[in-house]
Amino acid sequence: MSLKIVFAGTPQFAVPTLRALIDSSHRVLAVYTQPDRPSGRGQKIMESPVKEIARQNEIPIIQPFSLRDEVEQEKLIAMNADVMVVVAYGLILPKKALNAFRLGCVNVHASLLPRWRGAAPIQRAILAGDRETGISIMQMNEGLDTGDMLAKSACVISSEDTAADLHDRLSLIGADLLLESLAKLEKGDIKLEKQDEASATYASKIQKQEALINWRKSAVEIARQVRAFNPTPIAFTYFEGQPMRIWRATVVDEKTDFEPGVLVDADKKGISIAAGSGILRLHQLQLPGKRVCSAGDFINAHGDKLIPGKTVFG
């Protein structure tokens, strides 16, 4: 059966779900997305990825700064949609908006709830060393990711997965699971699962200062940091007084006798640095104003400063 849907989403993560709805038998009446904002070095006003897709498909676009406004709420109710699908929208939905739809507001969340409620579930899962994460389809309520769940689908986190890798994989899983959930919801063929509050954890928003590498942490922890903060904000250390971004790194040993931050060796395999415990090998680096380069290229340019046994980073 075809449902009348209002879609709310903003970043690239929401795009596969919107595309899936457009390609389905359902009808997307309107797309809500955050207002256009300055972005990049030039601070050029940019449309959200979701807005671009909506415009290309000639779907009405609505960009309120807030949904707390009574006029905006009445506009939403007047659409007489069956359900609202929310994917990383970024604005709070007040009670009146949550109650405006026959089948409620359904959210696609990038974790296995109740673990990692909040803004940064993908990054927090990697930082914590979780072996798996996934997608939860949730019936929204007034709490922060506290609603009853319609469905869940797990996804393994490999030792090499970056936040970018997981983001892309989970966005596709979310699109498929959302369509399956809508079909069951419409038929009444779905059993809602309440979240276990005792197991809940919170994925707070990533702060830029978290990206600074503390070499006294273990190599395992720092490697997770590098993976979790790729593609943003990018883990970094200091080299010759300049911030140096680390795009890719691997653990080569979980024990070491070297002091944290000391250069162990530098060769074509990478630049190996001692951590609080273990050794981290840097593979891709970037200095300010420069392109991302391989460890080999970095050694060619700065090899005279890379002296084993010396503290060169941090």
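Residue positions begin at 1 at the first shown residue.
Each residue, glycine too, has its Cβ placed from N, Cα and C.
Sequence annotations record features per position, and here Swiss-Prot assigns (6S)-5,6,7,8-tetrahydrofolate binding site to Ser111, Leu112, Leu113, Pro114.
Working note on the binding-site residues Leu112, Leu113: by count of other C-beta atoms within 10 Å of each C-beta, Leu113 ranks first.
If you draw a 10 Å sphere around the CB of Pro114 ((6S)-5,6,7,8-tetrahydrofolate binding site), it holds 19 other CB atoms from the protein chains shown. A C-beta separation below 8 Å, combined with a sequence spacing of at least six in one chain, links Ser111 ((6S)-5,6,7,8-tetrahydrofolate binding site) to Arg117, Pro121, Ile122, Ala125, Thr133, Gly134, Ile135, Ser136, Ala203. Taking the mean position of the Cβ atoms of Ser111, Leu112, Leu113, Pro114 as the (6S)-5,6,7,8-tetrahydrofolate site, the remaining residues of that chain whose Cβ falls within 8 Å of it are His109, Arg115, Trp116, Arg117, Pro121, Gly134, Ser136, Asp145, Lys152, Gln195. Taken residue by residue with DSSP, Pro114 ((6S)-5,6,7,8-tetrahydrofolate binding site) is part of neither helix nor strand, so it is coil.
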